[in-house]
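Quick look at what Swiss-Prot annotates:
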DOMAIN    25-188  domain 'FAD-binding PCMH-type'
ACT_SITE  ARG168  active site
REGION    202-231  region 'Disordered'
COMPBIAS  207-231  compositional bias 'Polar residues'
ACT_SITE  SER217  active site, proton donor
ACT_SITE  GLU299  active site
Amino acid sequence: MTQDLPTPRGRLTPDKDLSGLTWLRVGGPADWLFQPADVDDLCAFMAELDPAVPVFPMGVGSNLIVRDGGLRGVVIKLGRPFMDISVEGDRITAGAAVLDARLAKEAADAGVDLTFLRTIPGSLGGALKMNAGCYGSYVADHFVGAQAVLRDGTQVTLTRDDITFAYRQTDIPEGVTITSVTLQGNREDSRVLHTRMEEQLAKRDATQPTKALTAGSTFRNPAGFSSTGQADDTHELKAWKVIDDAGMRGATRGGAQMSEMHSNFLVNKGGATAADLEGLGEEVRKRVFQTQGIDLVWEIMRVGVPEET
């Protein structure tokens with residue numbers, strides 16, 4: 001990118017390789033990576049940035065495939081200045097860069113039940129953007145409000161009336177950067193909450209490839225809701241089930257594989273490219289549609305351009 005960009009107080013890095021910033025460890029470079037010093041720095045930068053330059057707010061890369069040709073424009077990555085957490089009664093306000101797991105633990109310390117976040121990979125801004133959920137609870141169920149910076153640098157407050165929530169998605173526009181989120185949870189004994197989270201972690205580690213290079217669930221459940229984690233949760237329209245029925249558990253392409261442990265987890269077995277991973281996912285979608293007439297929808301976000309050949 002040759003355009004002149006504003007000079008921020010934070011860090012602005014050209015031609016930044018993004019593969020090391022994603023959990024799948026794949027992807028090409030961003031034209032620019034911007035790490036703002038604080039909210040004011042972010043607002044000023046966005047206000048001065050040419051409106052024609054694309055902007056992509058990036059969390060911790062836990063639910064993301066960056067294509068091998070990289071991302072055009074500016075990738076915004078929030079860091080330490082956006083990691084504060086404050087508690088007021090049953091409400092928790094946290095910076096968008098706070099990890100979901102950390103928020104769940106600190107909320108539990110305060111006797112506030114946000115335990116559903118404990119096993120969700122990623123940070124709070126991304127969790128809001130995709131209405132993340134687990135064990136029958138979603139961000140939408142706890143959402144009070146958020147602070148955000150629009151593409152023109154305006155800082156705004158978002159309420160429930162400003163966001164439409166659906167399964168694994170919201171209508172928050174592209175280019176809007178969430179900076180903090182307020183959630184509300186039921187009051188409960190801290191020890192009970194921590195015990196619940198330990199049980200959730202044990203169940204996750206026993207059923208999911210947590211030690212592999214993965215981006216979490218690859219496809220949304222066709223049923224249109226997440227697993228509740230309860231023993232009576234036996235509905236057939238789970239992504240892993242239809243993938244199994246299509247014979248795609250363990251399927252490979254290059255260094256990519258649909259996990260043998262949990263077939264809705266796309267993993268980098270070593271040396272995979274973004275094209276391997278996305279291509280295998282598309283093979284799975286095609287096979288599931290051919291065998292069962294079900295159109296699987298990606299849960300992992302895929303961004304950027306393919307590598308030129």
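Each residue's number is its place along the chain shown, starting with 1.
From the backbone N, Cα and C atoms, a Cβ is placed for every residue, glycine too.
A quick note: this is a predicted structure, and the numbers were derived from the prediction, not measured.
Recorded features from Swiss-Prot, shown on the structure.
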residue: ARG168; record: active site; CB count, 10 Å: 21
residue: SER217; record: active site, proton donor; CB count, 10 Å: 24
residue: GLU299; record: active site; CB count, 10 Å: 20
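Taking only the Cα positions, the spacing between SER217 (active site, proton donor) and GLU299 (active site) is 7 angstrom.
Secondary structure at GLU299 (active site), taken from DSSP and collapsed to helix, strand or coil, is coil. A Cα-Cα distance of 7 Å separates GLU299 (active site) from ARG168 (active site).
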